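Student: The structure follows.
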Amino acid sequence: VMASSVKKFLSATLFEYETQKVIAISSYKIGLIYRGIQMLIVTYVIGWVMLREKGYQSFETVVSGVTTKLKGLEYTNFTEIPSIGDRIWDVADWAVPPQMNSAFFVTTNVVITKNQSQTTCEEDKDNKWHAKCSSDSDCIKGHVHGLGWGVRTGRCLNSTREEGLRICEIYGWCPTEQDVLPLGEGKILMTRVQNFTVLIKNSVEFPKFGVKRRNILSNMGKNYLRGCNYRPDHEMDKYCPIFRLGDIIKYGQAISPETAKQVWITGGMVAIDIHWECNFDYDEEECKPDYKFRNLEDGHVGRGWNFRHAYHYVEDGVHRRTLVKAYGIQFFISVTGRGGKFDVLNFTMNLGSGLALLTLATVLCDIIVLNIMRKRKKYRQAKIDK
């Protein structure tokens, strides 16, 4: 009995061969479904895989290098504000630091504290919540607060900046900074900053194809570069590598008029995106950059951008410095892109994969015929024989 069962099992599994049986069904409905599915697959392969995604090409991502050169001059005549006064601001004054990696900073507003030296003075009144005192015992000698401007001397003083306030004395860079914008809240010091310009030099390479490109195109001469500014709606100037800072903010995505106004006063962060989409099946000269600008800040708390730097000097044997709190815009430059070129292997693989999808039409129609149509039992008997 056991041997007979094993023989039947082997006969039913190992020694059985199935072959497809083709039957012709005259049905407009099935015929339309079958051809419709085939057309969808062919459209997908040709329209999406081959044309939209360029399935006939191999691709290489871009390798990039970026440098910037800033230009602009500002004149401020505020003799009633001693820290500002009558002054010329050139690029060495407002572009700090002068060189950054794929970025640059532009000063738009400043708080300047002149003639600081290391001596004793009252703590900044803005720090009164931790430096306020009523007697010397409240000012522990040698104590350093992380948000303060120096080490406490142990003395409690009457503030010269706010009447009725008593505040701890410190040893540090004195006088301490008074963090108030020179023209008051809502006003910009560098009124001409929007007309400052930046030249962005971007060199890219596609090593796989041995192609190198620059955003200064071959048809741009010296005379053109002396006078051009980027304009996205102009046939030639949309490739100009010289940008007015005001235009970068103007054309920026997600930069509302209110945000644009505030960013000049208290600073902000803006991205300059350079994208290269190149098809090397055509002339390499058609490989050109596309520029986009974005606001990187979101929300209303903690907005703006500022940092402090100092100019040190010695006067009458005393080490002094001028402290500058610079408000401004930090511009970040990012470069993306890819290049493509015809590749026989990619073409045949994607075409073969697409043609293989045509078998789905037969599978789907078999499911409909054998399981959904009213004559499914008849078709199943005709289709499947043992």
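The backbone N, Cα and C atoms fix where each Cβ goes, and this holds for glycine too.
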Student: Going by TrEMBL, K69, L70, K71, T197, N306, F307, R308 bind ATP; tell me which of K222, K288, K325 is listed for that site too.
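Tutor: Candidate in the recorded ATP site: K325.
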Student: With reference to TrEMBL, which of the candidate residues C121, C156 participates in the disulphide bond with C133?
Tutor: C156
Student: In TrEMBL, C168 is paired in a disulfide bond with which of C121, C139?
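Tutor: If we follow TrEMBL, the cysteine bonded to C168 turns out to be C139.
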Student: Around the Cβ of K69 (ATP binding site), how many other Cβ atoms lie within 10 Å? Please give the count over every shown protein chain.
Tutor: 15
Student: In Å, rounded, how far does the Cα of C121 (disulfide bond) sit from the Cα of C156 (disulfide bond)?
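Tutor: So the Cα of C156 (disulfide bond) lies 11 Å away from that of C121 (disulfide bond).
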Student: Counting other Cβ atoms within 10 Å of each residue's Cβ, which of the disulfide-bonded residues C121, C228, C278, C287 comes out lowest?
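Tutor: Taking C121, C228, C278, C287 as the disulfide-bonded residues, the minimal 10 Å Cβ count falls on C228.
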